[in-house]
Amino acid sequence: MRTLHLLRADGEGFVPPSTNDFNLPPVFGNNEYTTKPILLVFLSVILISVFFILASRKAAIVPSKLQFAGESIYGFVRNDLARDNIGHEFMRFVPYLFTLFTFILTNNIFGIVPLLQFPAMSHVSFPYVLAIFTFITFHYIGIRKQGVVKYFKDIMFMPGVPKAAYILLTPLELATFFIVRPLTLSLRLFANMFAGHLLLLVFILGGDHLLKGVIGLKLISPFAFAFGIGLTFFEFMVQCLQAYIFTLLTALYIAGALADEH
Amino acid sequence: MRFVDVAAESANPLIPHTAELVVGAIAFTLLFLVLRSKVVPMFEKAFAARTEAIQGGMERAEKAQLEAQNALVQYNDQLSKAREEAQTLREEARVQGVAIIDELRTKAQEEATRITASAHASIEAERQQAITSLRNEVGSLAIQLASKIVGEALDDQARQSRIVDRFLDDLEKSK
């Protein structure tokens with residue numbers, strides 16, 4: 001955004017937001033650990049911890065409003081994501097899935113929270129980290145459950161398939177389990193947040209630029225802002241959906257690793 | 001054309017930053033530890049307590065219902081038993097009453113018979129006595145009358161009695 005303003009000051013005309021707008025400078029000095037997304041991630045950890053500790057502290061049979069709110073989210077992850085997909089062993093994975101869901105959801109929603117207005121997940125490093133955790137988790141569970149040899153054998157040589165099919169199937173399966181899954185998991189989340197933020201930038205900054213133009217352009221500007229606001233609601237939906245999808249897929253991968261045959 | 005240059009200068013968004021990787025991993029792990037140790041057990045506790053409360057309540061209600069049913073069955077049992085008992089008592093009383101009446105009736109009849117019989121006997125005895133005394137008196141009266149009429153002493157005892165007897169027999173025959 002800094003480049004944008006500089007360019008505008010030079011009178012170069014509208015410069016559409018680019019990937020550069022995601023490279024925010026450190027907030028404090030030159031320390032690269034104090035960039036906005038990093039601070040937001042820490043903020044999310046604090047907010048989630050405080051909220052859920054307060055909500056769960058009493059563990060009352062008849063919940064307060066706060067406890068009910070916390071329980072609703074927890075119950076959703078526990079029952080709808082973990083239990084319904086993983087089965088009787090689900091309780092072991094509830095803490096991980098719960099953390100995953102709340103962490104992604106909060107950081108996504110930061111994208112439309114006034115003043116914060118930046119989804120940390122639009123920096124690919126964070127989705128990478130989460131995908132790596134999920135990747136390690138479901139492979140570890142599969143190996144623990146079935147043993148190294150059987151686990152890899154089942155992946156490479158899917159039972160009940162004609163031998164000739166392995167020429168095609170084995171590389172595909174290996175790619176699925178070790179490349180496609182973590183990559184799609186992280187890139188899906190990253191791309192959605194990245195594109196969503198870019199879209200908002202286009203309309204808000206565009207509206208702002210139109211407002212500075214000639215009278216005809218000024219009249220169009222409100223439409224750009226209105227569209228930006230509409231897209232904000234749309235973004236909210238996408239942000240929730242992406243948190244849900246990431247957690248759901250993790251649960252499904254874990255369920256697959258626990259199952260004897262996939 | 002300027003913005004193309006700007007885009008070219010910018011970093012590839014798919015290349016991760018080391019700082020962010022480190023922070024992401026640390027932050028996520030931190031959050032995971034907090035939620036796992038502080039939040040999940042408490043929510044699970046609340047869930048368990050709630051399930052327990054609901055199940056316990058239902059079990060208690062079921063138990064109470066069962067007890068009530070048992071009590072009802074017991075009361076009905078007792079009631080029907082009492083009814084039966086009353087019925088048998090009534091029956092017994094009726095039978096006994098009949099027996100008592102019968103007995104009394106028999107006794108009264110016997111008594112009546114006895115009284116009648118003794119009355120008959122005493123009447124008979126008195127009649128005999130009356131007859132005997134009457135006979136004697138009538139005899140002496142008749143003799144006195146006859147001696148007075150005949151003027152002859154009829155002091156011979158044996159003759160006296162014979163005459164009287166004959167007279168009385170005649171009297172009876174003529175009746």
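Heads up, the Cβ atoms here are built off N, Cα and C, so glycines get one too.
These features come from TrEMBL:
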type	residues	note
TRANSMEM	A:38-55	transmembrane segment
TRANSMEM	A:93-113	transmembrane segment
TRANSMEM	A:125-143	transmembrane segment
TRANSMEM	A:164-183	transmembrane segment
TRANSMEM	A:189-207	transmembrane segment
TRANSMEM	A:219-237	transmembrane segment
TRANSMEM	A:243-259	transmembrane segment
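Counting C-beta pairs under 8 angstroms (sequence separation of 6 or more), the transmembrane segment (A:219-237) fails to reach the transmembrane segment (A:243-259), with fewer than 3 such pairs.
Scored on C-beta pairs under 8 angstroms, the neighbour of the transmembrane segment (A:189-207) with the top count among A:38-55, A:93-113, A:243-259 is A:93-113. Proximity of distant same-chain residues to the transmembrane segment (A:93-113), defined by a Cβ-Cβ separation under 8 Å and at least 6 residues beyond the stretch ends, is recorded for 40-41, 43-45, 47-48, 52, 73-74, 77-78, 81-82, 86, 119-122, 126, 130, 133-134, 137, 189, 193, 196-197, 200, 232, 235-236, 239-240, 242-244, 246-247, 250-251, 254.
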